[in-house]
Amino acid sequence: MAAGSCILLLLLPSLVTASHSPPGCKIRITSKGLDLVKQEGLRFVEQELQNITVSDLHGNEGQFQYNISQVKVTDLQMAFSDLNFQPQQHLVFNIKNASISLRFRRQLLYWFFYDIGSINASADGVHIYTVLQLAKDEAGRLKISNMTCNASIAKMHAGFSGTLRKVYEFLSTFIITGMRFLLSQQICPSLEHASLVLLNSVLDTVPVRNYVDEHIGIDYSLLRDPSISVDTLDLDFKGMFFPRVREDQELENHAVEPVIKETERMVYVAFSEYFFDSAMHSYFQAGVLTIELQGEKVPKDLEVLLRATFFGTIFMLSPSVDAPLRLVLQVSAPPRCTIKPSGTSVSVSAFLNISLVPPDRPPVQLSSMAMETKLSAKVFLQGKALRMQLDLRRYGWGPMGAWGESPPHPTQSCFLLSRFRIYSKQSALESLALFSLQAPLKTLLQLTIMPIINERTKKGVQIPLPEGMDFTREVVTNHAGFLTVGADLHFSKGLREVIEKYRPVPTAAAYSSSRPAEPSLDPSSL
């Protein structure tokens, strides 16, 4: 019994770790962000309620036969609405004291008298209470998984006109009661379709597992259901890049879990060191962290210096003295990202092979040296794309002030010094001889290699937001082991515009069958 307890205690930490994988990316939506969503959501609800389809109402009372058809919502007044977080996984949308104006067609047959016309009606004291449950689906995408709805109408009245106005007023209680019942029965099904079908189609535009470029992809699948408090909604994303040549590859996450405490902005997005490490590991696995310069691509000043440094070796290679130089820079291990409150850096280890390439002869290696460098990394947003720009120059800026150059982007935070050194793989004596090459090679990297690397990462990676929703007033803040982007939101496209963009085009047959039938004008059909 004691032995079993000891084994359980030993396994407990691993079980806890397995059930709670730390996210590489985390998003927090605050109550301020929810207020913006409410404004756009209310417009969407109004549009949906205006498209309510109410069934025809027909019947008879003694010698009276009636038909109410072509019910149209002409106006909506939402006097009070609210959208709130409800722990643990819910959003509550509440509309009180709303009014709905209607117009419908009337047909009445009384003995030999036939009357036709329209009726204007109004439903007042409309109360709609909906609860949306949010969850991750099997693909790791955020979805509205369930909805509960309760709708009621306090009162309804109608105005009649025409030759049989008195008759309609006599039957108004029956007709209005029927219309009130039919209308209240259509509100919730309309909103249920809007939520579970239309709004979920907007959530489908959030990238989950997409290709970034021809070499790597990004996995933004949710690790667990959203966590909702009274003031915030938190989403934990995997935030892992993968090489396209090995899409099933998993990189274990040992980084610090991002912790978002702020609530002043509409949204906060946090990225751990794992997020950036997995990107560089994927590029390394894809085999693209190798750059070759040969002949005229080698800067002239550097070529002269290299030929002088290796003069003795080159002189002994006659007649290959004038053969072009070739430089091959190959990263030897996946680069690692370090995020500190003072700034972000990327540590890189690489091999630099210098060779002569005589025509029609095998290359002759002059030197193979190891390089270690710590690059300053500038992380910033451009639109919805997160970008990282690497640099070998010495930077220093941040919350304490600035020295030298200023940040290239107002949403970027950086405060660090780059580092660079080279040494020979063969001997300490050769390392000493290579000391004079350190500054020129650093310049080579900065002017030739770094632009190539930054061009590859220029596109950046999209942050998982729905289409039509963009960031404004972004601010990047560094923490120990992760960084956060605080921003406000705005809708560049309305919900309806995004929904219509991705709505399947109905076939002609489906369209004709779904249209309500036109009411008959023949009294004999009543």
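The count begins at 1 with the first shown residue.
Glycine is no exception: its Cβ is also placed from the backbone N, Cα and C atoms.
TrEMBL labels come from automatic prediction, so no person has curated them.
The structure displayed is predicted, hence computed values, not measured ones.
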Open item on the list: If you follow TrEMBL, the disulfide involving Cys149 connects it to which of the following: Cys25, Cys188?
Closed with: Cys188
TODO: Quick one: give me the count of other CB atoms within 10 A of the CB of Cys149 (disulfide bond).
DONE: 17
TODO: For Cys188 (disulfide bond), just count the other CB atoms lying within 10 A of its CB, please.
DONE: 17
